[in-house]
């Protein structure tokens with residue numbers, strides 16, 4: 001079966017607790033509200049792709065439980081066939097708990113659960129008959145599943161985008177298969193060993209990433225923007241962020257990755273344009289409350305101006 005983009009990654013249920021300020025350690029404070037949304041990096045990225053009118057499928061794993069069914073229902077509602085989602089009877093669906101303060105910034109804790117139960121054999125089975133222009137993965141499933149999928153995608157000639165998130169799950173072997181990597185500040189430091197907080201530091205880090213064998217690297221700096229380095233031309237491009245009033249930053253990076261992949265399907269020779277569109281999409285997501293429903297459509301991104 002042929003798709004434009006294959007997305008692989010985490011499928012979770014997100015519990016978002018909204019507070020005025022982060023509570024001090026060891027204290028008990030009231031929260032303003034609680035949101036329960038279907039999320040996970042893989043699910044969010046797949047929704048972002050399909051909202052750009054690009055055909056996609058999602059490879060992932062859930063538990064045989066109520067939240068797993070909720071995730072399947074959400075995928076179906078977003079026009080993503082769940083045929084490549086593996087159901088595990090021995091593990092619970094992944095769960096994320098995020099504390100979101102009044103600035104929209106979040107601290108996230110994830111119990112990966114069934115995501116880590118995805119095996120090499122699962123990947124060999126679900127990817128056997130799959131073809132795509134682009135393979136997009138994050139690191140929210142088991143290491144063996146990520147490596148197996150990358151090897152198969154490479155063998156099938158897909159263009160491979162690695163979103164090396166979360167940083168705690170990074171392992172160097174993923175870089176040997178990547179055509180493009182898209183780390184944020186924390187992930188960049190995990191890969192290169194150097195902190196990044198401005199464009200100059202991001203340029204240095206992006207160059208160092210390509211020295212590890214990756215042809216192109218996008219280092220994301222949040223509200224500042226991002227830096228692209230292309231090893232073949234030894235050229236840097238700085239893409240400033242679209243300024244918005246942040247409401248909720250959960251899912252911004254996933255939105256960026258999905259919209260980036262979708263735009264590369266539609267215009268594979270214009271990476272800078274794809275980054276600009278992905279940046280606008282992430283800004284729109286940050287400016288909204290809600291989960292996958294807040295991921296913007298292609299039309300909303302086109303109409304968005306500051």
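Here the Cβ of each residue, glycine as well, is placed from N, Cα and C on the backbone.
Predicted automatically and left uncurated, TrEMBL annotations should be read as such.
Feature list (source: TrEMBL):
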ACT_SITE  254  active site, proton acceptor
BINDING   12, 13, 14, 40, 41, 42, 43, 44, 140, 254  substrate binding site
BINDING   184, 220, 221, 222, 223, 224, 225, 253, 254  ATP binding site
BINDING   248, 250, 285, 288, 290  K(+) binding site
DOMAIN    4-297  domain 'Carbohydrate kinase PfkB'
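Between the CA atoms of residue 225 (ATP binding site) and residue 43 (substrate binding site) there is a gap of 24 Å, rounded to the nearest whole number. Across the structure, residue 43 (substrate binding site) and the residue listed as 'active site, proton acceptor' place their CA atoms 9 angstrom apart. Of all Cα pairs drawn from 12, 13, 14, 40, 41, 42, 43, 44, 140, 254, which the record names as binding substrate, the longest spans 15 Å. For the pair the residue listed as 'active site, proton acceptor' and residue 41 (substrate binding site), the Cα-Cα distance reads 6 Å. Comparing residue 288 (K(+) binding site) with residue 223 (ATP binding site), their Cα atoms are 15 Å apart once rounded. Counted within 10 Å of its Cβ, the other Cβ atoms near residue 225 (ATP binding site) come to 19, all protein chains included. Same-chain neighbours of the K(+) site beyond 248, 250, 285, 288, 290, judged by a C-beta within 8 angstroms of the site's C-beta center, are, in sequence order, 247, 249, 251, 252, 286, 287, 289, 291, 294.
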